[in-house]
Amino acid sequence: MEYRKIQDEDNDAGTISDDIENLRGKVFSGGASVSNVPTREQAKWKRKTVVTLALTFLTSSQAILIVWSKRAGRYEYSVTTANFLVETLKCALSLAALAKIWKNEGVTEDNRLSTTLDEVIVYPIPAVLYLVKNLLQYYIFAYVDAPGYQILKNLNIISTGVLYRIILKKKLSEIQWAAFILLCAGCTTAQLNSRSDRVLQTPLQGWIMAIVMALLSGFAGVYTEAIIKKRPTRNINVQNFWLYIFGMAFNAVAILIQDFDAVMNKGFFHGYSIITTLMILNHALSGIAVSMVMKYADNIVKVYSTSVAVLLTAVVSVFLFGFHLTLAFFLGATVVSVSVYLHSTGKLQR
């Protein structure tokens, strides 16, 4: 389905919510009190805040659980089977939420699973994009080390902003563009260390793969937001169900391609532990939180949430792994804080 069609339908239906910043401006401008804001607007604001904070917390703990899941510095379990279980769990949680809704409210046009081909045909696209992007993550390390990868990954911040403007036709103010660039610079600065200069020595193949990964991630995120907001009244759990069904299918293909022999010889759950189970649960809840942020906020909020989560991960790592915070980290964290403030004060142009 063409993006223009998606955007036109999105504009006709209207998104169910505005940015948190705009709502905040409505609440506090002119000396108005929160009590004067309609209850519905308060509920929207509260819902956005809850899902954004949940995403930040879940994302900040992801890296820690991944590190803990390693044994002797490597994964003893199959990463592809773990990804498949993440998609399966997300699908199961969405169905459980729908079952509760059906019991309390009954089956309606907006919460029924049955759908049309025109609606469901768009869901495989982000699933394929994320699959290719995840596969590229394995190959990029042949050209760049871990610190360099963390820095190059920040290209995703800029790609998301550009694609957000191109695909969804939403304009960011000059202040918000400046804040976005500061966010990228702040995250990069916070991740600098004694080996970070190697990123400048990354071969052309590494740069190309990093740029492709950033574009894939940004495009998949913005496209997912477009199809989720295409039908504002559609229950988010129904939309999640169809997204995750295709995610399961494509991850099953990845298992067949990458780890079929290992799974057949060692078993599907070989190398799994309690930490691995917690990691899978974390990724599943994070995925659901991301979709809710896209439904009730937007990709810009998601980018800020995940960027702040990176800083929180570093702080927690001080206590768990003896990680030492550098001057670059504090400078980067300060720049990120300024970026968040500038973005919150900037007004989204319609």
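Backbone N, Cα and C atoms are what each Cβ position is placed from, and that goes for glycine too.
Unlike curated entries, TrEMBL annotations are predicted automatically.
Residues or ranges marked as transmembrane segment in TrEMBL: 50-69 (among others). Panel annotation: around the transmembrane segment (50-69), residues 20, 75, 77, 273, 275-276, 278-279, 282-283, 285-286, 289-290, 292-293, 296-297, 301-302, 305-306, 308-310, 312-313, 316-317, 320-321 of the same chain, lying at least six beyond its termini, place a Cβ under 8 Å from a Cβ of the stretch.
Annotated transmembrane segment per TrEMBL: 81-99 (among others), in sequence order. Tertiary proximity for the transmembrane segment (81-99) is limited to same-chain residues at least six positions away from its ends with a CB under 8 Å from its CB atoms, namely 111, 113, 134, 235, 237-238, 240-241, 244-245, 247-248, 251-252, 254-255, 259, 263, 268-269, 276, 279-281, 283-285, 287-288.
Look at TrEMBL and you will find 120-141 (among others) tagged as transmembrane segment. Non-local neighbours of the transmembrane segment (120-141) in the same chain are 1, 6, 83, 149, 206, 209-210, 212-213, 216-217, 219-221, 223-224, 227, 242-243, 245-247, 249-251, 253-254; each lies 6+ residues outside the stretch with a CB under 8 Å from one of its CB atoms.
Taken from TrEMBL, the feature transmembrane segment applies to 147-168 (among others). Residues 3, 7, 10, 140-141, 177, 180-181, 183-184, 187-188, 191-193, 195-196, 198-199, 202, 206-207, 210-211, 213-215, 217-219, 221-223, 225-226, 298-300, 303, 307 of the same chain, all 6+ positions outside the transmembrane segment (147-168), place their C-beta atoms under 8 angstroms from a C-beta of that stretch.
Summarising the annotation, TrEMBL assigns transmembrane segment to 175-192 (among others).
Sequence annotations record features per position, and here TrEMBL assigns transmembrane segment to 204-228 (among others). Long-range contacts of the transmembrane segment (204-228) within the same chain: residues 3, 6-7, 10, 122-123, 125-126, 129-130, 132-133, 136-137, 139-140, 143-144, 148-149, 152-153, 155-156, 158-160, 162-164, 167-168, 236, 239, 243, 291, 294-295, 298-299, 302, each at least 6 residues beyond the stretch ends and with a Cβ under 8 Å from a Cβ of the stretch.
If you look up TrEMBL, you'll see 240-257 (among others) marked as transmembrane segment. Using a Cβ-Cβ cut-off under 8 Å and counting only residues 6 or more beyond its ends in the same chain, the transmembrane segment (240-257) has close neighbours at 78, 80-81, 83-84, 87-88, 90-91, 94-95, 98, 113, 115, 120, 123-124, 126-128, 130-131, 134-135, 224, 263, 287-288, 291.
The transmembrane segment annotation in TrEMBL covers 269-291 (among others). Using a Cβ-Cβ cut-off under 8 Å and counting only residues 6 or more beyond its ends in the same chain, the transmembrane segment (269-291) has close neighbours at 51, 54-55, 58-59, 61-62, 65-66, 68-69, 71, 75-78, 81-82, 85-87, 89-90, 93-94, 224, 228, 236, 239-240, 243-244, 262-263, 302.
If one looks beyond the transmembrane segment (303-321) by at least 6 residues along the same chain, the residues whose Cβ comes under 8 Å of a Cβ in the stretch are 52, 55-57, 59-64, 67, 156-157, 160-161, 183, 186-187, 190-191, 293, 329, 332-333, 336, 339-340, 343. Residues annotated as transmembrane segment in TrEMBL: 303-321 (among others).
Taken from TrEMBL, the feature transmembrane segment covers 327-344 (among others).
Long-range contacts of the transmembrane segment (327-344) within its own chain (CB-CB distance under 8 A, at least 6 residues past either end) are made by residues 20-21, 24, 175-176, 178-180, 182-183, 185-193, 300, 304, 307-308, 311, 314.
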